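Record features (TrEMBL):
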- 145-302: domain 'Pel9A-like right handed beta-helix region' (DOMAIN)
- 358-389: region 'Disordered' (REGION)
Amino acid sequence: MRQSTGRHRRTGTLSIAAAVAVSAGAGGVYLGLSDGDAQAATTTVTVSTTAQLESAVASASAGTVIQVRAGTYYPTATLKSTASGTSSNPITLQAHGTEKVRIDGSKLPAGSWLAGIHGSYWTVQNLTFQSSPAQGFVVTSSIGGIFKNLVTADNGDSGFTLRGDGTVNNLVQNLDSYGNYDAAGHGQNADGIAIKFGSGTGNKVTGARLHDNSDDGLDLWQFSSPVRIEHSWAFGNGKNRWNDAAFEGNGNGFKLGGGGVTVAHLVNDNAAWDNTLNGFTENSNTGAIALNRNTAYANTEAGFYFATGKARLARNLAVGNKGGLDKLSPSTVSAANNWDSGVATPALKSTDATTAYGSRQTSGALPSTTFLTTGSTEIGSTMNQPRAR
Ligand SMILES: [Ca+2]
Ligand SMILES: [Ca+2]
């Protein structure tokens, strides 16, 4: 394990008042304190073996930056931490530079999560978490997390999870979560991303691709505070791809509630296609869920299922959903959607999804595609995401 100095420097004068070097282990730990501001101290730890990775995560504290070198790592116990960073001095876990890093749970004991964060102000980025016997990556009651450019694939339960009360101001950006399947539950639980059983404001998912999971693409079951979901795609969920004779996966693209909560989630500029149930569903959440400029295409049930609540739907587009374009209760507010009277359905430029499955842009943004685009500035998903986020 190589450890080195990190130091925040203000431009201009560099009066390095204190530089404290603490010897610890072969490489030594150097705490660089800049300009009398101990809050700015960082410690960079570079790891290249599984044992080093496990140790670095277990001993991380505010300001620790863990850089993981290229390769595949096989933890033998859940990568777990209860430590917190601070808003100015987070704990960072990331691939070294542009190197490809896979963290693989196939050597974990049955039922183990691959990674579990129980602290605040973590930044985790540019890593793949795969093949766990249970959940891939679980964040519990955390504040201020940034989870960026992650892949959670082929795990034995949901790929990425936010849960617990006190889940506040977390950002999940550019997540790819696919192929997750819980064999023990015959597929009934494994979602691409689960934000379930908890509360807390300011949480956002953007730029996600959630596909080919046994249960739902996104699931907000019993999360009682509004979540913002935008520029994300859910597709191909709920299919029995595992030859499970007792398969019980659901297959909603965006499942926006359930379990008795009433909450007004905000759902803008997303797309759902080829899911085995609905594209977008309240799932018994009777709150004023707001849905603007989303597209539902070729789902097996309804494009937009909001049959009991007070959802507010505007400028959404539904095409070719076998169970109907929309199923809305009289209490919903529906305007300027293509099922509303007098609203034309623009032609889709492409119904070939190949490019939507392709590589992301260098920044981690969704791939460029004409799939499901119409050129309209009025209705339906743009199928892209703004730059410079
Ligand atoms: Ca389910
Ligand atoms: Ca689910």
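Glycine residues also receive a Cβ, built from the backbone N, Cα and C atoms like all the rest.
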Structural state census, the region 'Disordered' (358-389) (DSSP three-state): 0 helix, 1 strand, 31 coil
The domain 'Pel9A-like right handed beta-helix region' (145-302) [mean pLDDT, rounded to integer]: 98
